[in-house]
Amino acid sequence: LQGIFVLGLPYALLHSGYSGLLLIVLAAALCCYTGKILIACLYEENEDGQLIRVRDTYEDIANACCKKLSPNLGGIVVNVTQVVELIMTCILYLVVSGNLLSHSFPYVPVTEKTWSVIAFVTLLPCIFIRTLKIVSKLSQLCSLVHFVIILVVITYCLTQMHQWSWAKFRLSLEFEDFLVSVGVIIFSYTSQIFLPTLEGNMKNPGEFRCMLNWTHFFACILKTTFALTAFLTWGEKTKEVITDNLPSFLETLVNLCLLAKALLSYPLPFFAATEIVYSCISKGNRSSYRSPLFALAVRGSFLLLTLLMAMFTPHFALLMGLSGSVTGAAMTFLLPSLFHLKLKWKKLSFLEKCADISVFILGFLCSLAGIVCSIKGLLEVFR
């Protein structure tokens, strides 16, 4: 829930004003809701009215919804969407790592792409990760580093309370800037891709809904506090990544923490993407596809792919925005609400149906707006 996007929240407030504070709360509620209905699609009632987990993955849910059209069509669409989003996220972490190293050591005569290669070398052990337990430990370290970053920024901002002013908030909004803010705020919460696996690995899956409520609640409080204190400190001078506003000695420290966070964040989407691809390939009867050596080759190929795309993809940020508008909105809003309506229609109340339809429409509009803005940006660049 606490991603790199969080560092852009103060900048989002700059362009969304008071509505940005409402958006942070609304996005938490919506993402929490779609997480719950997605997990609800994993279960069906038996003859005694008890809920039984009959599906294990996002792919299984999609296949159940599209079985009348084609037994595997839904799963293929979901898997392709998931892999694209996960791989783009991995590439983003490599690009960010190279950028952070370049800014942290400006006097070293090394290009940003070379720094990305150096960061890539530290990630080579990822090809040997075979279980989610190792990934979870790295994610815990990532969360710890993230809280250190947030603490440093908030502490510095609190020392500047004497210059805070609510007058810094904007009342008038530019539509395109507002759409950018919406994207940053919403996608700082997205985690739906990992939820079926997470719920399936919990010791007590019955506590999933409670866990989701509390994590989104605390995430909302933390994001609001962070964004508000940072924006009140710098106002109109707020930069896209808030760490660029810090004094030089703190900026270097935080950049190194961000580097650690980016590198520690990489294994989770990498592991998820390779597991999806490996499971799809190994579904056949050929035993050679199930060997540990083949799994190692799949992970190694994906690791190399992320490096090559990070090195040679032009205007990656705009492409990331374009793919994120499609895959992110689809996995977070469109598909969970659509699948829930399809699988649970007869058991849903009128209000629940209205809620799902509203989320679907909102997700579609966000996706469409993001696509238009990204394409417009790409056209301006290539002109």
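Glycine residues also receive a Cβ, built from the backbone N, Cα and C atoms like all the rest.
Curation does not apply to TrEMBL; its annotations are automatic.
Among the features that TrEMBL reports, domain 'Amino acid transporter transmembrane' is placed at 2-375. According to TrEMBL, the transmembrane segment annotation covers 20-43, 76-95, 115-132, 144-166, 178-198, 210-233, 253-281, 293-312, 318-339, 359-379.
Contact between the transmembrane segment (76-95) and the transmembrane segment (115-132) is supported by 3 or more Cβ pairs under 8 Å, counting only residues 6 or more apart in sequence.
Below 8 A, the CB atoms of the transmembrane segment (115-132) and the transmembrane segment (293-312) form 3+ pairs separated by six or more positions in the chain. Contact between the transmembrane segment (178-198) and the transmembrane segment (293-312) is not supported, since fewer than 3 Cβ pairs fall under 8 Å when only residues 6 or more apart in sequence are counted.
Scored on C-beta pairs under 8 angstroms, the neighbour of the transmembrane segment (359-379) with the top count among 20-43, 144-166, 293-312 is 20-43. Beyond its flanks by at least six residues, the transmembrane segment (20-43) meets 9, 12-13, 51-56, 58, 60-61, 64, 181-182, 185-186, 188-192, 195-196, 199, 208-209, 212-213, 216-217, 219-220, 223-224, 227-228, 332-333, 336-337, 339-340, 343-344, 355-356, 359, 362 of its own chain at Cβ-Cβ distances under 8 Å.
Tertiary proximity for the transmembrane segment (293-312) is limited to same-chain residues at least six positions away from its ends with a CB under 8 Å from its CB atoms, namely 87, 90-91, 94-95, 98, 113, 116-117, 120, 123-124, 126-130, 270, 273-274, 277-278, 281-282.
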